[in-house]
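Asks: Feature list, courtesy of TrEMBL:
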| type | residues | note |
| --- | --- | --- |
| DOMAIN | 59-436 | domain 'Cation/H+ exchanger transmembrane' |
| DOMAIN | 492-614 | domain 'Cation/H(+) antiporter central' |
| DOMAIN | 640-792 | domain 'Cation/H(+) antiporter C-terminal' |
| TRANSMEM | 40-58 | transmembrane segment |
| TRANSMEM | 65-88 | transmembrane segment |
| TRANSMEM | 108-127 | transmembrane segment |
| TRANSMEM | 139-159 | transmembrane segment |
| TRANSMEM | 174-194 | transmembrane segment |
| TRANSMEM | 206-227 | transmembrane segment |
| TRANSMEM | 239-259 | transmembrane segment |
| TRANSMEM | 271-290 | transmembrane segment |
| TRANSMEM | 310-333 | transmembrane segment |
| TRANSMEM | 354-378 | transmembrane segment |
| TRANSMEM | 384-402 | transmembrane segment |
| TRANSMEM | 414-433 | transmembrane segment |
């Protein structure tokens, strides 16, 4: 492709190189050069280290300054290149001669290109190619139209300009420039969504899928251009396709075979990752030989690498730190150093207005195409955000323009104009997206989804989160304690949460529609819940899901599924694991942080459950009739005992309603322990209604209604205890801690009362509330499990 103005002048310079090249300097104390600094930097290795150090220090310093404005690291890396290049510091001859001489460009450029190839390789490894197969009709239409509509309209626009100004551009110049402006590339969109922390949002998933489709369309357009324009086009295209097929049909099965030979949970042989990296470098050479982008070869190979553990994650762990922290910033900065924005602004170049209009027209057409296609099935603000993401430009476009500038396919002023556009695009779009789209707001619901508002004889929909295999057993036990019956069934949505490693695309898999993931990480969870559903036939239904995502984004999948399925209660395990003897076995602070985010954003009530190993022995979830009063006295003598500690407040109302539902199973003994403050206890029954506050009146009404529901249940006992302050409450809780198998308490976050005065200051686990924290104490001598309930917080 050639987009060179007719009056462009190329300057040829004579550069002297010293052979053999000096790898080491003589030091700053030997006078072998004009100055000690120049003597030191005359060594190629030292100079390369200094150049990398300048780029990294400046880009990180700029990011530290501009990150509060919402500027992504890619932009600050570009700005570092602009500052170090001819736009600013590069105009100083001494600086250019000492720090970035002509002789050093080859070594710095080779290092930067290697970093870009590794970046594209890792992007391919992280990409879920299955998204193309699973993409719905809307995603396919959006992905295809986002490329073809601006492409053909852009061609028409430029053709109309040529009619008025013949000879402005040649045919292939028009096609190449228009195609580059029209395409949406997966690496750019994926990188942007990671920076914005939107990869797990519904809109982020749609953008990723659409960009993958549009990238495939752009690749087809590029192949067609090669076939029609290159002298050896058919041979080039054929060999390119053969390399792609070799990766898909030979290398990928070979890698899958290696994974199959590796025992589950074990690491791969130490030679596997180096061999794959070596093949990636061979693909880089092969695609370069076929006049394709050097980085396209590693990207194609990366797509063939099975994502996730053990192979994909091993590759990512090996390359990620060095590539993302050092090599990638160096590549971005060296690309930006090629531009001279100062000269472009001050002197300009022919047809600058035309190119500016072409870039602007392409952006507007692409934005409107994506916006109009998505408005019918998305809110307008979300459609605008999606359209902006699909219009984003980044590393891929910058690399293509840099290569074209180096090969004299475009003039330097035009490259500077494109660089300025990419920096502006990458700066403005993330800021606007952050302003328009808040992924947490979609979790708010219009309806009450909690136990307190659940209608009688309606299905209780529960989302049960599973992090580790040992969570399955006691989570199923807790579900059975909720007493599913034919009149009051339980709908269970089991969500297995797996950390995303070695994959760019998060996945939410429904196992009613798809098989388990390839490495069978979820198979044990699926089989266990399927067995529970068979045992509880007629009273419980189960749907299993697997979420593969980064832990800091897992709450998005949890809350989205809870919202989509209209669940009433979301159950998640506590981050501490107890052994059978009641001692603490392990703590997971990542899970703790996840639970805190779920508590803040959940669209329904939340229950944090921790089990101390006291598992109920029951019928395994066998179907129950609504008349459970036929339980024998022998059954009651060994009943599973539950205690609801009630103080008052919305969360305690939720715990009380849940306990009342459990009491329908008469093989279970329920105790309602009401802790009353001394002030309320001194109020006589005659003037109680006048003296109690509105909140206390509601607490009394809720308690009265709950007791009426279980009035005829012989397995329910009510106990009232007067306490004056927090220490007395702690004493009361410790006194009964060993008498029950399960405690159900409200979180009562932010609720002050005389009964808990002074306890919050000593709380170790704020996510459990003060009462839950007392029961979770490591010093408490009990084997009782605890369920801490928080009533629904999110409302629109």
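Each Cβ is built from the backbone N, Cα and C atoms, and glycine gets one as well.
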Asks: Taking contact to mean three or more C-beta pairs under 8 angstroms, with sequence separation of 6 or more, is the transmembrane segment (271-290) in contact with the transmembrane segment (108-127)?
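Replies: Answer yes: the transmembrane segment (271-290) meets the transmembrane segment (108-127) with 3 or more Cβ pairs below 8 Å.
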Asks: What residues in the same chain, six or more past the boundaries of the transmembrane segment (310-333), come closer than 8 Å to it by Cβ-Cβ distance?
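Replies: Hits for the transmembrane segment (310-333): 52, 55-56, 59, 73-74, 77-78, 80-81, 84, 108, 111-116, 118-119, 121-122, 125-126, 255, 258-259, 262, 266-268, 272-273, 276-277, 395, 398-399, 501-503, 519.
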Asks: Determine which recorded stretch among 40-58, 65-88, 139-159, 354-378, 414-433 has the most C-beta pairs below 8 angstroms with the transmembrane segment (384-402).
Replies: 414-433
Asks: Residues sitting near the transmembrane segment (414-433): Cβ under 8 Å, six or more positions beyond its termini, same chain?
Replies: 3, 5, 69-72, 74-75, 78-79, 82, 192, 195-196, 198, 335-336, 338-341, 343-344, 349, 352, 355-356, 359, 363, 385, 388-389, 391-394, 397-398, 401-402, 404-405
Asks: Limited to the domain 'Cation/H(+) antiporter central' (492-614), I'd like the whole-number average of pLDDT.
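Replies: Within the domain 'Cation/H(+) antiporter central' (492-614), the model's average pLDDT equals 82.
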Asks: Counting by DSSP, what is the helix, strand and coil composition of the domain 'Cation/H(+) antiporter central' (492-614)?
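Replies: Residue counts for the domain 'Cation/H(+) antiporter central' (492-614) by secondary structure: 40 helix, 40 strand, 43 coil.
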